[in-house]
Structures are given as structure tokens and as C-alpha cells.
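According to Swiss-Prot:
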SIGNAL    1-20  signal peptide
REPEAT    247-268  repeat '10'
REPEAT    269-286  repeat '11'
COMPBIAS  366-395  compositional bias 'Low complexity'
Amino acid sequence: MFLKAAVLTLALVAITGTRAEVTSDQVANVVWDYFTQLSNNAKEAVEQFQKTDVTQQLSTLFQDKLGDASTYADGVHNKLVPFVVQLSGHLAQETERVKEEIKKELEDLRDRMMPHANKVTQTFGENMQKLQEHLKPYAVDLQDQINTQTQEMKLQLTPYIQRMQTTIKENVDNLHTSMMPLATNLKDKFNRNMEELKGHLTPRANELKATIDQNLEDLRRSLAPLTVGVQEKLNHQMEGLAFQMKKNAEELQTKVSAKIDQLQKNLAPLVEDVQSKVKGNTEGLQKSLEDLNRQLEQQVEEFRRTVEPMGEMFNKALVQQLEQFRQQLGPNSGEVESHLSFLEKSLREKVNSFMSTLEKKGSPDQPQALPLPEQAQEQAQEQAQEQVQPKPLES
């Protein structure tokens, strides 16, 4: 299912070679964004796509998303263009086919569960309550750690900055000798505090995923007696739900890590500036310390205010996804786009599998040749025989 999409993924992975700085998630994100934009209005997009400079589009796309890590090997664009043009012609048809398959699967589940509507509602309600109870400690812990670590950072750095300001006044005639050790120690303290912040605040994504798995397994067992004859379809739908919920866990970790990196990026130049000003005059150093002290308070408070709600927002998002799943199984589900989660799940699995193959076979200095569409399936089969067997894309 959606083989052409998978092949494009493999090709784009091959473009980057096996450079260590390019991860499978980065590649999958770029490819998935590309597919999503194209499939929003597939027919119109395909027609427009074939009229424009495909090479420039993809080059710009990868440059924006991956930066220097996406530098292409010479001549790769010429191989990519015919591949993508052929792919685009099949995209709309493939997407619609998968959409219909998932729609039929949901209809079969609704028909089977309809006589037990009250029990289904009760089961979901109980499961949502348990999910909230299981997730609450993570949100509380994240909030506590944010408050503790940001407060500790200020307690470590603010008094030290004030000590440096006092030392300046007492050592005007011997500024460099007296202040250089303090400035170096300030930088060490700052770096150490940032590392501790990362260590304590990075959410435990694997633990969150395990909680999600356990919660959904409990739900599956509770619904099993109500889905006799269609349990495989229920299992399949819940795989898609699990993928989306776990994706939220990964995104939470990414967001928190990004905020920590941004805080460090904002404050590090100010710390460096203090060191550089030690070689200058008293007035310049004093101003640099004042700027750092002021920005430390502002930036840390902004960080705390932004990150603190993320745990609770994550919990609400998971409960909402569970509620949306319940509605999909109900009589008034309306139009849904649940097929997209299956396409994305399969796409990412394919990227991960192929990246693993490249790491085992390829060299960072020797990018893999780009397969054309008609060659892709044969090449994938050859690779599978060499230890890695990618899973077939699911429908």
C-alpha cells in the first residue's frame, strides 16, 4: 500500500547518503510534510507540480528543513525529477484507495458495536479516566522539575553575578587579574546548570509510550467481547491510534528540548560577553553583568511560563485523541481523516528500515544510487534478502 510514497522516501534518504547528522525522523518529517501538502488537493497539486521546477522545489524544501545536512550529491536532481513526476500521478489514486479501505473498516466496526453502544461509551469513559490518572504524575513531575530547576539556576547564577559586580568596585586597578577567574567560573556554572536542566526536564518518552501501550491494551481487552468477528480490524485501528498518541510523546520531548536549547542560545552570548569585557574597562564589564542579570531573570521566567503547561497540554491531547477514536466508532462519526495516521506510520517504518540498511551497507562518502519508480520494488526485495526486511506498508 502506498508503495510509490515509500519509494520516494527511500530515494530521498539515499540523496542525503548516510550522513550522521541526518536522522530518519528528519527525513520522514520532510517527506511526510511534502505528501500532506500534495494530497490536500491531490489532482490540482499534481497538475501544478508537473508544470513547475521540481528540482528547485525539493532542493528548497530540504534546505529549509534540514539545512546544510541535506546537501545533494552532483547529478542527483536529474535522477530525482522523473521519479517524482511518475510518483505524483499515482498519489491521489493511492490516497483515496487507502481512505476507502479505512472507511470500510470503521463501518464494519460500527455495525458490530452498535448494539452495545451504551457499553462502548461506558468502556471508553472508564479508560479515559484511567488514562488521565496514569498521565497526571508525569505532568505534575514536569511542573515540579521546571520550578525546581529554574529556581536553582537563578539561585546559582544571580548571587554569583552580584558578587562579580561587587568585586569590580573593589578591584578597579586590577580588573583583569581579579575578574578573569570569576568570569571563567561563571561560564562553567552556566554550562553546568544548562546540562542539569536538560537532564531533569527532558520528558521520559519511553515511559510515556509504555503507559500508552498499557492503557490501549486495557481498552482493547475491554472492547474485545463487543467486537467478536472484527477484532483484527479493531486491533488495526488501535495501532493507528497508538502511533498518533506515541507521536505526541515524542513531540513533547522535542518541544521541551527545543525550549531548553533556545534558553541556552539566548543566554550563552551574554555569558561570553562578560568574559570578553574582562579585558576591557570597568564600565563595559559592569554593563555586561547588568545585562546578563536582567536577561537571566527575564529569559528563565519566560522559559518557565512557556514549558510549565506542556505536560498538562500533552495529557489533554491524548485524552482528546481517545475521545476522537470513540467518536469514529460511533453512529455520528462524520468525515474523518484517520487513514493519514496509517500512511504516516507506514512511511516512518519504511524510512527507519531503509536508514538502517544504509547504515549497514553504505558509506557516508558514497551515497546510494537513486532508484527509479519501476526499479524500486525490485531493489527493495534485494535489500530485504540482505538482512533487513522492511514491513509492507499497511492499509
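The backbone N, Cα and C atoms fix where each Cβ goes, and this holds for glycine too.
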For the repeat '10' (247-268), DSSP counts of helix, strand and coil? 22 helix, 0 strand, 0 coil
Give the residue counts of the repeat '11' (269-286) per reduced DSSP state, in the order helix, strand, coil. 14 helix, 0 strand, 4 coil
I'm checking region-level scores; what's the whole-number mean pLDDT for the repeat '11' (269-286)? 89
